[in-house]
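Colleague: First, the structure itself, so that you have it in front of you.
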Amino acid sequence: MATLFIADLHLCVEEPAITAGFLRFLAGEARKADALYILGDLFEAWIGDDDPNPLHRQMAAAIKAVSDSGVPCYFIHGNRDFLLGKRFARESGMTLLPEEKVLELYGRRVLIMHGDTLCTDDAGYQAFRAKVHKPWLQMLFLALPLFVRKRIAARMRANSKEANSSKSLAIMDVNQNAVVSAMEKHQVQWLIHGHTHRPAVHELIANQQPAFRVVLGAWHTEGSMVKVTADDVELIHFPF
């Protein structure tokens with residue numbers, strides 16, 4: 001058996017091929033797993049569990065079917081869907097996890113996270129993240145009428161796209177010191193994360209021992225998952 005990890009699907013109505021690919025994944029590979037972990041940015045945007053978007057209801061039902069089949073499903077918030085709440089988690093049968101979680105998998109201690117907190121060189125983003133994660137600000141935003149939230153979210157996405165266009169790729173990648181610090185804080189030799197859309201397996205030194213950082217790919221033109229078994233940790237790409 002295997003434990004599966006995915007991230008950065010950025011599901012939205014404008015990308016039906018990705019949605020269809022994810023549904024096939026849920027109906028196939030996911031049903032064979034010991035557990036499924038979604039490490040953030042499942043959706044391109046999330047403005048509240050009360051959004052009646054049919055895509056959200058469709059995804060909740062599909063994930064719930066996996067959970068009901070006996071495969072536990074877990075979710076860590078990303079930078080796009082950090083407002084996904086308990087209502088959607090309940091509807092989809094997912095368990096919400098903290099932003100950093102250590103798993104014991106087949107004899108390995110594995111740290112999982114979305115990955116945006118590792119991009120400490122991007123000071124502008126980290127300042128924005130700290131602001132929008134303030135509970136009082138989230139409560140205020142979620143109390144606004146839905147149409148107002150949609151306008152704010154669209155403007156924020158446009159601003160983010162414009163800001164990122166002028167940033168270097170290095171700034172938007174993880175900071176190596178932040179990676180080592182996180183792994184040593186949790187005393188792990190394995191880290192799995194998403195966010196950067198740069199799939200790879202990196203070797204490093206943490207806790208004065210060889211360590212590995214596995215980065216999930218985004219679901220743009222193909223699927224991406226990490227498959228952890230007793231024998232191996234594999235980064236796998238597959239067609240929709």
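Glycine is treated like the rest: Cβ placed from N, Cα and C.
Since we're looking at a predicted model, the values are computed, not measured.
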Colleague: Among His56, His193, His195, which is the one Swiss-Prot gives for the substrate site where Asn79, Arg80, Asp122, Ser160, Asn164, Lys167 also bind?
Modeller: His195
Colleague: Which single residue out of His114, His220, His237 does Swiss-Prot record at the Mn(2+) 2 site shared with Asp41, Asn79, His195?
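Modeller: The candidate from His114, His220, His237 that Swiss-Prot ties to Mn(2+) 2 along with Asp41, Asn79, His195 is His114.
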Colleague: Where Swiss-Prot shows Asp8, His10, Asp41 binding Mn(2+) 1, which of His186, His197 is named for the same site?
Modeller: His197
Colleague: Where does His10 (Mn(2+) 1 binding site) sit in the DSSP three-state scheme?
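Modeller: The residue in question, His10 (Mn(2+) 1 binding site), is coil (DSSP, three-state).
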Colleague: Should any of the binding-site residues Asp8, Asp41, Ser160 have a Cα within 10 Å of the Cα of His195 (Mn(2+) 2 binding site), which are they?
Modeller: Asp8, Asp41
Colleague: What's the CA-CA gap between Asp41 (Mn(2+) 1 binding site) and Ser160 (substrate binding site) in angstrom, rounded?
Modeller: 15
